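Per TrEMBL, the feature domain 'FeoB-type G' maps to 7-175. Taken from TrEMBL, the feature transmembrane segment applies to 230-252, 258-278, 285-310, 330-354, 366-390, 396-424, 462-481, 554-576, 596-616.
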Amino acid sequence: MDIAVRPARLALVGNPNSGKTALFNALTGAHQKVANYAGVTVERKEGLVRSASGRTLSVLDLPGTYSLRARSPDEAVTRDAVLGRLAGESPPDVVVCVADATNLRLVLRLVLELKAVGRPMVLALNMYDIAQRQGLRIDLDRLRGALGVPIVTTVATRKRGIADLLAEVETVALAGTVLPQGEGAWHEPDANEIRAAHRDAERIMRTCVRPPERPDTLTGKIDTLLLHPVAGLLILLGLLFVMFQAVFAWAAPAMDGIDAGFALFGGVVAGFMPDGLLESLIVDGMIAGVGSVIIFLPQIVILFAFIILLEDFGYMARAAFLMDRIMGGAGLHGRAFIPLLSSFACAIPGIMAARTIDSRQDRLTTIMVAPLMTCSARIPVYTLIIAAFIPNETVWGFASLQGLVMFGLYAAGIVSALTVSFVIRRVFWRGQVEPFMMELPAYKLPDAKSVLINLWLRAKIFLMRAGKIILPLMILVWLASTFPYPPAGATGQPIEYSLAGMIGRALEPIFAPIGFNWQMVIALVPGMAAREVAVAALGTVYAVSDAETAMSGLAAVLSAQWSLATGLAFLAWYVFAPQCVPTLAVVKRETNSWKWMTIMIVYMFGLAYLGAFVTYRVALALGGGNVGG
Ligand SMILES: Nc1nc2c(ncn2[C@@H]2O[C@H](COP(=O)(O)OP(=O)(O)OP(=O)(O)O)[C@@H](O)[C@H]2O)c(=O)[nH]1
Ligand SMILES: [Mg+2]
């Protein structure tokens, strides 16, 4: 192996939730997602690190696995990477096995398997801080002897032990491999070999690790309450309730600030520019359009602050455990919880996270319902319509009505996901759902820095979307709603004669039964590329984006122009419609079939139309048909 020519490659392999990604971030300075539950990483990620001696090493982060006998698609990624079976990739020069030091029993079998593969290897005992705090006594020298591999202790989140680890990696890398090339040395172990490995692991545990004198029972104590079948579920509901209340209550001042900022900015720019087309494009199309989406940043940050904190405490794995019975009843695998939870951010990572589910049927069911979870791109649409039609009142003396409606919209997404998966089970396959077996991590105090980094990543994704997707789309919307000009002597609004107006009018008959007018139809079209563009597009269509009136102005215009029934129907449409083409593309890629993508499009549009229709008709019947009332 010639290290001078190409960087030596080290691969991080280990059980789920052992801190591989945290170690990867500590080594490479990357900001990959870490969270206190298993199955976060589902793809290989590569980065570079420079060692103390100035050598560049390439680091590979891999999905967690308990064994090389891969069961799910993400575990197969790890196995293939270790064995050098990935197309165009040689096996890693050094395997760094990342162990949760507080849970050594689980990793020892993997260590023994990896040793059999024969690549040079280093064992990193991560989470060593927690092991020490728990009073766990690990005899490192004896463990080194028993396993025959170098061992370093690390605390990935505090970047402790990183230099030692790198030094150890360099030593074994330089020592070179005299061992057989990966693949040949490894085979699927048979039952006898598995039993033998199990015995070896138990023996090593007995000789090298002594349990703490006073075992850590804090986690156990908290769990008797939080995992209680009734109290636990109530606490979960309570947490979600507080979360949505906070989204509305706490974000308001920041949103007003952003609103005013963009209005001011638009006004200043307008003052410097001559009146005309260019001014309209920049001020009404671009500044107001992007501003009407960015204003939702505070709400998204608050929502994710809750989610990230709950993840890092270790609560989310408990939530999955609590939900397992309900989800199982609906035909969903317990492991579907994490993918569905990720879908609250965006369905795309959620659909990818379904790779941790090994049974193909369970995985497909999860993928098919993931887009029903309320992704963050829906927040702008929901909030706008809620602000326009739901009075800002307090009910029962303490709850904000607007927050309650938001809670209801999220609940509608969850309930429909459970219902659809129930139906999928009946229609496509009937087999048993596999029982849930997720490790419950120990509770941990979140690491402030890593919470902030995760939060910043979410905010960045949102802002990048505003720049990369929404800005260009808004320019298109502006063009389509400005040209062609109205003919001489036309009496209506200019937009009625534009291309967008024509499209809206052409599609209007399809949407009239569910209470949508042609302006709404125009907004739906660019909303296919990214849901939140509908908000900005409505602003353009209703021409409210003068410098003085941004978001609050739009809500006022909508409440004057739509009936309550129409507003509610629009919300119902947004709960179900398979909007955002990128999600559909990912479904095609992950299922590797057009069939499932088509099924998704058909069923979701069907539900959206039905949901909006029923909502509209019921609201009309209850007297919600007055425009401007
Ligand atoms: N106290 C402490 N926490 C750690 C340490 N290393 C990681 N963590 C935390 O452990 C949790 C899991 O870390 P990840 O890096 O996501 O684990 P992973 O092995 O990549 O997990 P998967 O990708 O799901 O297989 C996170 O909450 C980390 O912040 C450590 O050394 N000490
Ligand atoms: Mg990871």
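Backbone N, Cα and C define each Cβ position, glycine as well.
TrEMBL entries are annotated by machine, without manual review.
Keep in mind that what you see is a predicted model, and the values were worked out from it rather than measured.
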Seg_contact(the transmembrane segment (396-424), the transmembrane segment (230-252)) with at least 3 CB pairs under 8 angstroms, min sep 6: yes
Candidates 230-252, 258-278, 285-310, 330-354, 596-616; stretch with most C-beta pairs under 8 Å toward the transmembrane segment (462-481): 285-310
Close approaches to the transmembrane segment (330-354) from elsewhere in its chain (Cβ under 8 angstroms; 6 or more beyond its ends): 37, 39-40, 42-43, 303-304, 307, 316, 319-321, 323-324, 362-363, 365-367, 369-371, 373-377, 417-419, 421-422, 424-425, 433-438, 458, 461, 580, 582-583, 586-587, 590
For the transmembrane segment (258-278): best-contacting stretch of 230-252, 285-310, 596-616, by Cβ pairs under 8 Å: 285-310
Stretch-averaged pLDDT - the domain 'FeoB-type G' (7-175): 90
